[in-house]
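Colleague: So TrEMBL has the following annotated:
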| type | residues | note |
| --- | --- | --- |
| BINDING | B:CYS271, B:CYS351, B:CYS368, B:CYS408 | [4Fe-4S] cluster binding site |
| COMPBIAS | B:480-491 | compositional bias 'Acidic residues' |
| DOMAIN | B:262-432 | domain 'DNA primase large subunit C-terminal' |
| REGION | B:54-79 | region 'Disordered' |
| REGION | B:443-491 | region 'Disordered' |
Amino acid sequence: MLTSDYDPACLPDLLPLYYRRLFPYSQYFRWLSYGGASKNYFQNREFSFTLKDDIYVRYQSFSTQSELEKEMQKMNPYKIDIGAVYSHRPSQHNTVKSGTFQALEKELVFDIDMTDYDDVRSCCSAADICSKCWTLMTIAIRILDRALRDDFGFQHLLWVYSGRRGVHCWVCDEAARKLSVAARSAVAEYLSLVKGGEETVKKVVLSDPIHPFISQSLIVVEHYFPQYAVVEQDLLSSKASVDKVLSLVPDDILHYKISVKELLNIYQTEKNPMKRWEQLCRYAVQQKRTSSKKGAQYFDKEIMLQYCYPRLDVNVSKGVNHLLKSPFSVHPKTGRISVPIDLKNLDKFDPFEVPTISLICEELDKPLTAEEEDVKDKESETESGERRKIRDYKHTSLAKYVKLFDHFLDAMARSRKGEMLKKSGLFSLDKHDPPIHIDDDPAKCVNLLSHVSLSHYRHKDDAVFIRFSLD
Amino acid sequence: MASARRGSEQCDGEERGQARRGVNMLKMVENLGVSYVKTTEQYRKKLHSEFSGLGFPHKEEADDSNSSKNQAGPTEYEKRRKDHISHFILRLAYCQTEDLRRWFIQQEMDLFRYRFSELPSKYKTDFLHKNNLKYDTMSVEEKNHLKDQLINSSYSVSGSTVAEQDFYKVPFQDALDLVRTRKVYLKAGYAYIPHQDIVAIVLNDFRTRLSKALALTARSLPAVQSDERLQPLLNHLSHAYVGQDYSIQKNIGKVSLEQIDPLSAKSFPLCMRQLHKALRENHHLRHGGRMQYGLFLKGIGLTLDQAMQFWRSEFVKGKVDADKFDKAYAYSIRHMFGKEGKRTDYTPYSCMKVILSNPPSQGDFHGCPFRHSDPELLKQKLQSYKLSPGGIMQILDLVKGMHYQLACQKYFELTHNIDDAGFSLNHPNQYFMESQKLLGGGKEVKKEVEVSQRGPENTPSNGPDVPSTRQKSSTQAVDDMGDLDSYFIDE
Ligand code: SF4
Ligand SMILES: [Zn+2]
């Protein structure tokens, strides 16, 4: 049996191995190049490394995949952050005229951190998480993923476990990467329902009409709430937690005092938390019928949202030049790899099953099965080091996460190809579609060609097109 | 407090006079925005009468063909010309710092909203077309299909009006204010906007253009600043709004660390008192709080060394050891003092900034208590500070009416035992200075209050004849530029 026990003291020894044999460079490069559609997209991207002793180096950039590999293997960063695509190479930011070095594009990102839920978790606090409160992350992902797709029309969302106590989302659609700061903050605010700091008790207030986005989010919350909040978090079992819940019932509504008193009376005899919750909901229903006051009638929903709705760090999403921890970076405290999350099996995702760097490094030394050995022999004679590296991660627990990443990249490549064809008008059978448009940028044309195989050419002007673009 | 400011008596030349009046107008727009809810009839009427008084254009048509030259008073065309001149001069004056840009854009937006809403429907449509804002409308089937969603997405739509109204299908990026506040239905990246909310799109476009224009203007600043005739005028104009520039530390080194505790109870506005208390209790503040409080402290005169000592001694009592502090926090404090990174000298936050940007979330203590606290908690807090029940009522009423700065001013008056504060509050550091002035704190905290800023008529926020002592060097302006775009569009 392999042990996944991770000791932070070993990190300096494990990192070189990880960066030499396991880190998925080719996928990583493929991701950040985005099909090479815009010039220097990868080259102008900022990376920042956190080295041993919290030494922080910003504005790293690399011109090729192999430069990135070499540099990472040399520096062995404890943590990697990804920043924006700039107007110039970030590594040369000091040499360009002040004011002209600017962040141009970046994925739209979201950062959800369990510490922001401290006032509504009873199981853990601060950086600790357990399988109970992890449900909060599941809810967050479901709600945000739906809204980003259905409401905002984004398609390429990469959800990543942060390695410790939260999740990140990278929205990679071209439209998302091009969003202005103002647009990013508008999206983040649209998605934020829980408002207020330490000086606010009631953090969710609903008013008529309930926006479709909120109704959709409520469906998700209502699904998880009874089991998660009432049963697992003991929402209505102790006096303190009951008081806390009842403090969220607005105090200026009709019959409030009577209701709460009655509720407390019932709670004297009724100890079952689920039944207690049902009682509370019954009062909410009654309230809806008798109260003419606007807004006061949703307190059951407001309670559910305050306890379960995703809490976003708006500032992370807002900035184009804000840095966020990179996928496949290692978390120095837990040793866990920041891996993509499979939304198809979201409810089964268990952060404690995510491989640690010590586990996968150990797996590297694990003797190969006879079969694997066989394949290896054959391949290693003919293939380059690059191929060997691919196989290296393939027989560790990292493999399935890299595969997820591959799927994500494939889907992005497919829609790029679709877009490209649509734009070129090359294969459009509809006469009304725009005719072939030869781009003035030869690089783009070549690029376009590389995305279509010759057998697809149907246009009689294809020959012209090809000659033109290769000129 | 909404009285129109008197024009400058010393204007020499048309530009100066126009620009001066422009500031007065925007200042008036701001005051009205603080005193009235922006969508009410009352607000509209008040604006209307103020405009006429200031001689600014407020008619949709500038038809100068039938205006005779001998007519008494300026023609509509003439008013417009002046309006344009003043607007462009103000752009120059107000592109200089983030705070100024924020203020300028906010007031211009309110002004624009008012003017647009006054247009007859026909002109509104014309306006959209002239500015290339053409969008598809929803078909009847589409409307029927999405009826419920449309009704639940906007206050201005009901079952019966869905059929009658035109709905525009607009990329969500063009309707950010509606998206932000969830006042519109969103589907697959498009916002479906009822005709009567169309002003939001126009405003969005206006804001974008004005932001870009200010950024561009800012880039040409160094050239402008080298013109000796212009620079004093521009500083003078922008000065008229922000009043004091609280990053200029006249009081530097006049406060000792021991004084902070007593001062926080006597002379800090609630926002800073709250931050101070949270810091002492938790030995930590999150980023938003460190910025808001740290810059305020810098503004009241802490030196970099003092600030460093202050923060370190508090943080090490908590979970942070000295080593970690030096690595993780010291940088950002030096940064505040312009000693790191782009070396921008950060300005203490104004009330507007505290109230409007970066609202506090879980674990945060920053923001403005009048805006960001539960009224119930605010009430308890005020009670614990021994305010009279009547006073508390008055404050809570102002809060309810969303007049946060007025509420704060009322708090000032109550805690300093005066009837009329005699200034209009727009900055936490202003609160502090005024408090010290009243408490005769001049002995402990010496401030050089500019003489011309005294008196109820001639307050820091609107004195027209404040001598402009501060000359921003052009190098610093260039430094500002580095951060400009990232902060600016942000807004
Ligand atoms: S009004 Fe201004 S000074 Fe007063 S508490 Fe709010 S932000 Fe602070
Ligand atoms: Zn837990």
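If you go along the chain as it appears here, the first residue is 1 and each next one adds 1.
Note that Cβ sites are derived from N, Cα and C of the backbone, with glycine treated the same way.
Given the structure is predicted, the values throughout are model-derived calculations rather than measurements.
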Colleague: Applying the rule Cβ within 8 Å of the centroid of the Cβ atoms of B:CYS271, B:CYS351, B:CYS368, B:CYS408, what extra residues of the same chain belong around the [4Fe-4S] cluster site?
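Modeller: Here the non-site neighbours turn out to be B:PRO269, B:LEU270, B:VAL354, B:ILE355, B:PRO369, B:PHE370, B:ARG371, B:TYR404, B:GLN405, B:LEU425, B:PRO428, B:TYR431.
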Colleague: Quick one, of the binding-site residues B:CYS271, B:CYS351, B:CYS368, B:CYS408, which Cβ has the fewest other Cβ within 10 Å?
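Modeller: Relative to the other binding-site residues in B:CYS271, B:CYS351, B:CYS368, B:CYS408, B:CYS351 has the fewest Cβ atoms within 10 Å.
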Colleague: Tell me, by DSSP, whether B:CYS271 ([4Fe-4S] cluster binding site) is helix, strand or coil?
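Modeller: For B:CYS271 ([4Fe-4S] cluster binding site) - judged by DSSP and reduced to three states - the answer is helix.
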Colleague: Let me know the model's mean pLDDT on the domain 'DNA primase large subunit C-terminal' (B:262-432).
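Modeller: That region's mean pLDDT is 90.
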